[in-house]
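What Swiss-Prot records for 30-33, K51, 87-91, G415, 479-481, D495 is ATP binding site, and it gives sequence analysis as the kind of evidence. Taken from Swiss-Prot, the feature region 'Disordered' covers 526-546. Residues or ranges marked as compositional bias 'Gly residues' by Swiss-Prot: 534-546.
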Amino acid sequence: MAAKDVVFGDSARAKMVEGVNILANAVKVTLGPKGRNVVLERSFGGPTVTKDGVSVAKEIELKDKLQNMGAQMVKEVASKTSDNAGDGTTTATVLAQSIVREGMKYVASGMNPMDLKRGIDKAVAAAIEELRKISKPCTTNKEIAQVGAISANSDTSIGDRIAEAMDKVGKEGVITVEDGKSLQDELDVVEGMQFDRGYLSPYFINNPDKQVAVLDNPFVLLHDKKVSNIRDLLPVLEQVAKAGRPLLIIAEDVEGEALATLVVNNIRGILKTVAVKAPGFGDRRKAMLEDIAILTGGQVIAEETGLTLEKATLQELGQAKRIEVGKENTTIIDGAGEAANIEARVKQVRTQIEEATSDYDREKLQERVAKLAGGVAVIKVGAATEVEMKEKKARVEDALHATRAAVEEGIVAGGGVALIRARSAISGVKGDNADQDAGIKIVLRAMEEPLRQIVTNGGEEASVVVAAVAGGTGNYGYNAATGEYGDLVEAGVVDPTKVTRTALQNAASVAGLLLTTDAAVCELPKEDAPMPGGMPGGMGGMGMDM
């Protein structure tokens, strides 16, 4: 085990605060509509230019071990805020730096760090309660577009695209972001349920121009096992043929004789069929088959439910208005399932989301909800160069998270104004002693900092603007993009309540930990072993004639 260096008290804190300042100073220049760019070096390819706070924070690793500890703690503030709310990383970093800076002054003057932390926690709890009170629901397309635009660094086209996508697939729908092929942003919407499995044979294609198989008003057969013997399928195929409608077979696999017979029947026009593999694996496959069954009003033919292929009837088959099967995707449009059953299933999956422990499980469950509830929208980001594409894509993803947060918890006035207004609730909070009162003062000062930084980045005098905004009421604030004062909500300068709340909570949490740190343990740098001595000189010819 490597030797460790242990540093105590002020020496440890001072070094860690240096690290906090290095990271925060690099991140905070990106805040607000007039935020500056930061250029990030890449190990290969050109550098990346960004105005995204969390992207800057993630790149920073410091040489000094103690400074790096401080920087990593604030990096945690940024990434936690990004994970929970999708935006607000720069605001959280600015708040954390301010709480640490002000707190260190009080610690240096001999105050008890634990009482300071208790005071900070009391003030933050009161501020969050006030933020919830002043929050208003975000329901209209215009409000959603405004939130998206602000989060994407005042890019209105991104806000409009996200609002349009949410309008098409609903608030719960899946919206994904991909690289586009042109200079313009594009929006593709897939209605109905889509899963990533295509036809098992190209002979099922009946629309050669688009290379897809289209089934109008088909039956849907769902089976959780492999189908290789055509005799198992014959009874149900005969019933479908009599009904004169096409059939989609979704099974673990369809192979051999069964697949060959289906292809021949399809080519001869006897029975229009398409076979695809079931999506997912293991338990997830069973769950997704059940989802499709509920969506189409059918049943999964499985031994567990006492159903077999040979005895299957049309009653067990699902139905849909239209199904499109491509090489890699199958889309079920307008399934015949009952709305009440679909709603109950969505509720059930949402409960599983709340109980899920891993991000991967949660993401997959959310996809299932979206597929059941509405559809999938794909925003294709257009840009002239790859560097611009990366930067823009990161902004679109941020904006998307922010709009989801706004729909979830509502919106407040942006531009740092909500935090200024929430200070009124803290003014009435009293600590149990003078040290706790000092902790409350720390938060009061920190809550001005985001507005100060936005104004500073815009090249104006921060103290004058903060005084003017603090003298106003409600949504009155300073619009840094135009340099004017007014109602920020009317001007479209809004922040999701969840983003502001999460930023404040996470900043106070990590800053409190730093203030109450009294020792730091880090590895000593390894000393390189000296190089071994060189080989002795040669023995020469020893006077021998050759």
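Glycine residues also receive a Cβ, built from the backbone N, Cα and C atoms like all the rest.
Quantities reported herein were computed from a predicted structural model and do not represent experimental measurements.
Note on the binding-site residues T30, T90: the fewest other CB atoms within 10 A surround the CB of T30.
With a cut-off of 8 Å between CB atoms and residues at least 6 apart in sequence, the same chain places T81, S82, A402, D495, V499, T500, T502, A503 near G88 (ATP binding site), listed in sequence order. Counting only same-chain residues at least 6 apart in sequence, those with a Cβ under 8 Å from the Cβ of G32 (ATP binding site) are G415, Q453, I454, V455, N457, G458, A480. The Cβ of K51 (ATP binding site) lies under 8 Å from the Cβ of T30, G35, R36, N37, V38, N153, E391, R395, each of which sits 6+ residues away along the same chain.
DSSP assigns D495 (ATP binding site) to a strand.
All protein chains shown were included, and the count of other CB atoms within 10 Å of the CB of A480 (ATP binding site) stands at 26.
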